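Below: one structure, written as structure tokens.
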Amino acid sequence: MSSTKKIAKNTILLYIRMIINMGISLYTSRIILQKLGVEDFGIYNLVAGVVVLFSFLNNAMTSATQRFLNIELASNSKEKVNRVFCMSLNIHIIISVIVLILSETIGLWFLNYKLNIPVNRLNAANFVFQFSIITTIINIIRIPFNATILANERMSFYAYLGIAETVLKLAIVFLLSLFVDYDQLIIYSFLLLLVNLIVNVIYKIYCFTNFKEETAYHYFSDKKLFRELLSFSGWSLFGQVAVLSSTQGLNMIMNIFIGVTVNAALGIANQVNSVLYSFVSNMQVAFNPQITQSYASNDLETHKKLVLNTSKYSVFLFLVLSIPILLHTEFILKLWLGVNLPQYLVSFTQIVIIGSIINAIVGPFWMSANAIGNIRNYQLGVSLILLLNLPLAYIFLKLGFSPVYIMSLNVILNLCTFVFRFLYVNHKLKYDLPDVLLYLKQTFLVIFSCFILVWLIKKVHFNSYFFAISSTIGAEIILFVLIILIGIKREEYLQVKKKIIKKIGNKYGFI
């Protein structure tokens, strides 16, 4: 199968997974908010976030493992792939021990003495924390298996298991009704742990069955490989600290100044954003192996083209999806949740979505930076910019600024990281200036046009279902026209048009 067809197939499978997951996740969030209440929902998002902060090691090693597996797969050596897998698993076991120690010491202290949690819910929060620690350790051990599946582009299994996991999470929401005499927050956290354990076992069984040679574990000593993995993951780790500091760290700072209600609002806003961004993420996941392997095989022209095109089309896709939310945020949130909206939720949702537009742009650039491999300077630059978020947030909250302004800082810092990431990758790959200028023109003209369109429609807003539906349809049509006229090359448009006509003609006998 050609790389283009493989990317298309993988993308379709991931989208099927995502669409089903999206519908179930949105429904699940609504029911959970109703069953737990705003306070407990905020506590869950906050306490689980404490563990996420300590599990930044896990996320850093994910990208490192996938990179090395993709490179060895390009060399067609199963033995080398197996060595990377085994060494990665060893490192992940060490990481899980480190996370356990940090969580049970610093994490417990921070939870009980620094976070702003109602006294009568502190016991429940501690149960949630312990269940979350176990969940995190399970996920850490799973990373090499997950990376193996993605590196081998087995997206069908990845898609089906993702759907099964989401269905199980929906099932536990209804199971809560069987435990009405027990603390709903504690039971919910425990059931989530069980789901995670089941999924983890299935991942391992699949890998041991389908990738016997690659995942056959045996201990060996290879200091060179260990140093390579550790060095790369170390700098990835540094970058992940900054990313999580700007999300979970900010979540904690807001809790200290305001309370758990702001955590509930931020949790829901992130839920909406994650559903939208999953479309983009799935597309980028499908392209990631090709981006890495094209660089590993020294096909730089293909690599450069993939990076720019993936970035551009990621943004266009996210804009198409986010326009309805940006236009009618409050209306859609009330329709979805069916309850009184937590304070700041509408503003948080809009700001988080705008920040994700920038993240959609930069995704392929960090994939390219990972493929290049020498990421020390890259991670230093990105991390130092993002880490500014914490002291700035603390200072502005101390001065009495609204949390809405604090969230806006994230957008500004994300924009700064885009500039740095783009300049870094461009310096390494030496893009032709005309290609760069065309990419910037196509991408940002569409983004700015979209923002102007949203602003104009909101200026003439009417509170009616008809206006909400008609304005959304009109905005989407205008955006599609802008993408065709500004966002893509004429030859790209003609090529796609030709393929569509050919497909229709072959199907109905016109050609």
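Yeah, the Cβs are placed from backbone N, Cα and C, and that goes for glycine too.
The feature transmembrane segment is assigned by TrEMBL to 12-29, 81-102, 122-145, 157-180, 186-208, 229-246, 252-269, 313-333, 345-366, 403-424, 436-457, 463-488 (among others).
Sequence-distant contacts of the transmembrane segment (157-180), counting only residues of its own chain at least 6 positions beyond either end whose CB sits under 8 Å from a CB of the stretch, comprise 13-14, 16-17, 20-21, 24-25, 27-28, 31-32, 35, 149-150, 187-188, 191-192, 194-195, 198-199, 202-203, 206. Listed as Cβ neighbours of the transmembrane segment (81-102) (distance under 8 Å, sequence separation of 6 or more from its ends, same chain) are residues 54-55, 57-58, 61, 64-65, 68-69, 72-73, 133, 136-137, 140-141, 143-144, 147-148, 213-220, 222, 225-226, 229-230, 233. For the transmembrane segment (313-333), the list of distant contacts is 268, 272, 276-277, 279-280, 283-284, 341, 345-346, 349-350, 353-354, 356-357, 360-361, 363-364, 443, 446-447, 450, 453-454, 457-458, 468, 471-472, 475-476, 479-480, 483, 487: same-chain residues at least six beyond its ends, Cβ to Cβ under 8 Å.
Proximity of the transmembrane segment (403-424) to the transmembrane segment (345-366) is established through 3 or more Cβ-Cβ distances under 8 Å for residue pairs spaced 6 or more apart. Within the chain, the transmembrane segment (463-488) has long-range Cβ neighbours (under 8 A, six or more residues past its boundaries) at 312, 316, 319-320, 323-324, 327-328, 331, 441-443, 445-446, 449-450, 453-454, 457. Within its own chain, the transmembrane segment (186-208) has Cβ neighbours under 8 Å at 32, 35-36, 44, 124, 127-128, 131-132, 134-135, 138-139, 141-142, 145-146, 148-149, 157, 161, 164-165, 168-169, 172-173, 175-176, 179, 214-215, counting only residues six or more beyond its boundaries.
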